[in-house]
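Quick look at what TrEMBL annotates:
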- R102, T137, R138, K139, R161, K171, E201, D222, S248, G249, G250, L269, G270, M271: substrate binding site (BINDING)
- 38-112: domain 'Quinolinate phosphoribosyl transferase N-terminal' (DOMAIN)
- 114-284: domain 'Quinolinate phosphoribosyl transferase C-terminal' (DOMAIN)
Amino acid sequence: MDPEGLALLLPPATLAALAESWLREDCPGPNHAALVTGAAPSQAVLWAKSPGVLAGRPFFDAIFAKVNCQVSWFLPEGAKLVPVARVAEVRGPAHCLLLGERVALNTLARCSGVASAAAAAVEAAREAGWAGHVAGTRKTTPGFRLAEKYGLLVGGAAAHRYDLGGLVMVKDNHVVAAGGVEKAVRGARQVADFALKVEVECGSLQEAVEAAEAGADLVLLDNFKPEELHPTAAALKARFPGVGVEASGGITLASLPQFCGPHIDVVSLGMLTQAAPALDFSLKLFAEGTVPVY
């Protein structure tokens with residue numbers, strides 16, 4: 001999917017509400033620095049100072065729109081950043097531009113970091129000759145999930161379920177609470193009806209077979225070593241070819257190729273959102289008629 005079109009997934013009202021909440025967190029009271037800068041018309045250049053994938057333009061735009069500033073972009077969403085790159089220009093009253101600066105940079109840096117990690121994971125999977133889905137997980141930052149899930153998509157990965165309502169995921173604790181795999185899946189199928197799929201986290205081939213027999217659409221083989229994962233997935237697919245198989249649990253960019261195989265449909269990595277390093281961006285004001293510097 002074209003990264004430019006992904007912005008259509010983001011409801012404008014939600015973007016505006018997020019931008020307002022982030023700005024309020026950063027400045028809930030008097031902005032004393034505004035007296036230093038004043039309200040004179042100003043301009044600044046956004047510089048990318050580390051390599052990666054640009055992601056988060058809609059969030060950046062929404063933040064500056066809230067403080068009456070305008071953004072002009074020089075690079076498209078999903079662009080590969082080669083530092084030092086001139087990414088955008090922001091114009092508006094000086095005190096407003098600086099009020100939005102840190103919030104906008106934080107958001108863009110974090111979202112781009114997730115997109116960069118996702119792109120690296122997808123590239124590793126494709127280089128291994130695997131055409132399945134590289135996915136994120138629900139291991140996201142509270143209050144920042146939309147931006148992180150969006151970053152996954154810009155990087156070419158699958159976002160996985162957005163929240164608890166997107167898929168009925170029966171995890172190990174659900175199985176214990178329900179009194180077994182079969183009971184847990186039966187209960188999940190009752191609430192899933194025709195609209196939702198049911199996925200069951202399994203720690204053995206026996207559990208995976210029980211889940212498939214009970215009606216699971218997908219089986220999550222969690223924390224399997226590669227040498228155990230692939231024979232288990234092959235045995236399950238031999239009996240239940242229509243059941244999707246997901247591998248997850250402690251997978252890193254380095255180890256990802258070991259988990260890619262012909263019987264694996266999805267490999268999910270929590271580190272794409274939990275451990276992705278933020279990219280380095282800076283916003284530098286410049287005087288009209290001068291050459292911007294970083």
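Note: Cβ is positioned from N, Cα and C throughout, glycine not excepted.
Unlike curated entries, TrEMBL annotations are predicted automatically.
Computed from a predicted structure; not experimentally measured.
Mapped onto DSSP classes, the domain 'Quinolinate phosphoribosyl transferase N-terminal' (38-112) shows 29 helix, 25 strand, 21 coil. Neighbour list (R161 (substrate binding site), Cβ cut-off 8 Å, at least 6 residues apart, same chain): R138, L167, M169. Of all the binding-site residues listed here (G250, G270), it is G250 whose C-beta has the fewest other C-beta atoms within 10 angstroms. Note on the domain 'Quinolinate phosphoribosyl transferase C-terminal' (114-284): mean pLDDT across this stretch is 95. Annotation for S248 (substrate binding site): spatial neighbours T137, L220, L221, D222, N223, V267, S268, L269, G270, criterion Cβ-Cβ under 8 Å with sequence separation of six or more. Taking all protein chains in view, 18 other C-beta atoms sit within 10 angstroms of the C-beta of R138 (substrate binding site).
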